[in-house]
Amino acid sequence: VIRAKVVGKKLMKDGPFGTMRYTVKQMKMYRGFQIMPHVQYIYTEASESLCGVKLEVNKYQYLITGRVYEGKVYTGLCNWYEKWDRLTLSQRKGLNHRYHLGCGCKIRPCYYLPCFVTSKNECIWTDMLSNFGHSGYQAKHYACIQRVEGYCSWYRGWAPPDKTIINATDP
């Protein structure tokens with residue numbers, strides 16, 4: 001998970017449709033230090049129809065998530081990527097202060113009702129009910145974090161989370 005500005009791109013001729021290699025200037029890394037302490041290139045499919053992402057050169061800073069495979073960072077439409085200035089204050093605070101509190105949690109998407117948690121370390125993600133996904137209200141304003149008791153629940157706010165109260169009316 002990095003914040004980066006795209007400073008170049010090159011179509012690589014591997015595979016039937018090619019791979020786009022974006023050269024990035026990494027501004028900050030939020031996760032993945034152990035695997036790759038610095039990211040210079042981001043790879044994606046050249047075609048959007050194959051889940052490739054289109055990033056603009058020298059225009060925006062992006063939040064980019066992905067996976068490392070054989071020493072290279074790959075991203076695609078199923079990963080979270082967004083122009084940095086389009087992130088909400090809650091998402092920016094989440095990246096810096098909240099999301100790491102949920103590393104022991106599993107987010108379970110809810111596509112249709114009823115939805116239930118099957119273990120104490122799950123949060124139900126309801127943005128999928130309205131087809132908003134990453135851009136839905138829950139994704140923009142909440143973080144799934146693990147409480148002292150080991151249970152995971154959604155948290156919204158700027159103050160440190162209350163360790164004892166879980167508001168069951170939140171998503």
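Don't overthink the numbers, they just go from 1 along the chain as shown.
Using the three backbone atoms N, Cα and C, a Cβ is placed for every residue, glycine included.
Note: TrEMBL links C123 through a disulfide bond to C144 (candidates: C78, C103, C144).
According to TrEMBL, the cysteine that forms a disulfide bond with C105, out of C51, C152, is C152. Within the set C103, C115, the cysteine that TrEMBL bonds to C110 via a disulfide is C115.
With all protein chains in the displayed structure included, the most crowded Cβ environment within 10 Å among the disulfide-bonded residues C110, C115, C144 is that of C144.
Note: C123 (disulfide bond) has non-local neighbours G102, C105, K106, I107, R108, V117, C144, C152, S153, W154, i.e. same-chain residues 6+ apart with C-beta under 8 A of its own C-beta. Counting other C-beta atoms within 10 Å of each candidate's C-beta, the disulfide-bonded residues C105, C152 are led by C152.
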